[in-house]
Amino acid sequence: MNLSRKASFYSLLTSKSIAPNFVAPELPDFLVKFSLRIRVWEESDSLKEDLSFGVKIPSNNDEVDVETGRTEKDRGKAFRSKRILTIHNQALLSGLAYCFSSCSMILVNKYVLSSYDFNAGISLMLYQNFVSVVIVSFLNFCGIITTEPLTWRLIKVWLPVNFIFVGMLVTSMFSLKYINVAMVTVLKNVTNVMTAVGEMYLFNKHHDNRVWASLFLMIISAISGGFTDLSFHAIGYTWQFLNCFLTASYSLTLRRVMDTAKQVTKSGDLNEFSMVMLNNTLSLPLGILLIFVFNEVDYLSKTPLLASPTFWLVITFSGFLGLAISFTSMWFLHQTGATTYSLVGSLNKIPLSIAGIVLFNVPTSLENSASIFFGLLAGVLFARAKMR
């Protein structure tokens, strides 16, 4: 009788089921341990494992892949792991793309307006919107995306909010020419204050104390940042506060206009691509009118920048970036959610502010840097408070 049979026989006798009066002789320790291993191995229902050597043996219910040697369960686990990894990679990639496009757009606009000393912000906005219209129209023609057809009923509904949209873009260009990127980022927090107050009075929406505390910090940081700004420009600050008002107005009116616009579309819906197409297409005639109002035509006829291929390359790239923000924000929002999207948008202002100071050699002081950091922190706290 070999060792395994002796061990099984011993375990059978010690179970008292056959010979209750039998007194088993004391066996060596190694044989008792071997018996326990045999019993554990035999009683396992699923994937059996020899406790001595850690060798896994598939049960009868598992199908083994002849080529790979994997069971169906192993392949299922591998597939799930790969799927989770893919989802995480998509979220990371979309987040990086969104951060890159949004940061680059502001930095490129600042570069065109300040480094090139281009004094036609409305013309720059008009060209960027034209590039967006061309790209969206091409993608729609190829069947890659779908947009709602521009009907007169839809245009009449959307036109009021489009006036605000154009004003928002124009004032942003004017303020960015005079104010450094870091201070523009901090001053944009005032938009959140105006939006919160507007929601309270227009929609009877109440915010908790954490939200109001973060909004108060934003106001303090904007005031302290303005007092400590070594490159303070009154005209630039005026344009920026007007931009904050128009941005808040756009945010407050957009939802109501969208609900009305959906009722006059053929599909009964209005996706992001249709809104991009609507805003940018309707902004073209209004932008042309504003070019004459602000007398940019005379400047454009004299500036040598329009003869520079490099300049055209830069402003065309800025047009691509403007559209990329819409695409990447939708992609990132789809991969993560509104909470992560809002928080990343707030955190994204930190590297943007640092890059704006470094790339454009902005003169700053310790007090102004502290105010900027204080404002950025208030923005993050605001995003966190809105999540709760």
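Using the three backbone atoms N, Cα and C, a Cβ is placed for every residue, glycine included.
Feature annotations, courtesy of TrEMBL:
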- 93-372: domain 'Sugar phosphate transporter' (DOMAIN)
- 91-113: transmembrane segment (TRANSMEM)
- 125-145: transmembrane segment (TRANSMEM)
- 157-176: transmembrane segment (TRANSMEM)
- 182-203: transmembrane segment (TRANSMEM)
- 210-228: transmembrane segment (TRANSMEM)
- 234-252: transmembrane segment (TRANSMEM)
- 273-294: transmembrane segment (TRANSMEM)
- 310-333: transmembrane segment (TRANSMEM)
- 340-362: transmembrane segment (TRANSMEM)
- 368-385: transmembrane segment (TRANSMEM)
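Remark: the transmembrane segment (210-228) contacts the transmembrane segment (368-385), by the rule of 3 or more CB pairs under 8 A. The highest tally of CB pairs under 8 A with the transmembrane segment (182-203), across 91-113, 157-176, 310-333, 368-385, is held by 368-385. Contact between the transmembrane segment (234-252) and the transmembrane segment (273-294) is absent: fewer than three CB pairs lie under 8 Å, with pairs separated by 6 or more positions in sequence. The stretch in closest packing with the transmembrane segment (91-113), judged by the count of Cβ pairs under 8 Å and taken from 157-176, 310-333, 368-385, is 310-333. Using a Cβ-Cβ cut-off under 8 Å and counting only residues 6 or more beyond its ends in the same chain, the transmembrane segment (125-145) has close neighbours at 166, 169-170, 173, 273, 276-277, 279-281, 283-284, 287-288, 291, 315-316, 318-320, 322-323. Tertiary neighbourhood of the transmembrane segment (340-362): same-chain residues 91, 95, 98-99, 102-103, 106-107, 110, 114-115, 180-182, 184-186, 231, 329, 332-333, 372, 376, 379-380, 382-384, 386-387, selected by CB-CB distance under 8 Å and a gap of 6+ residues from either end.
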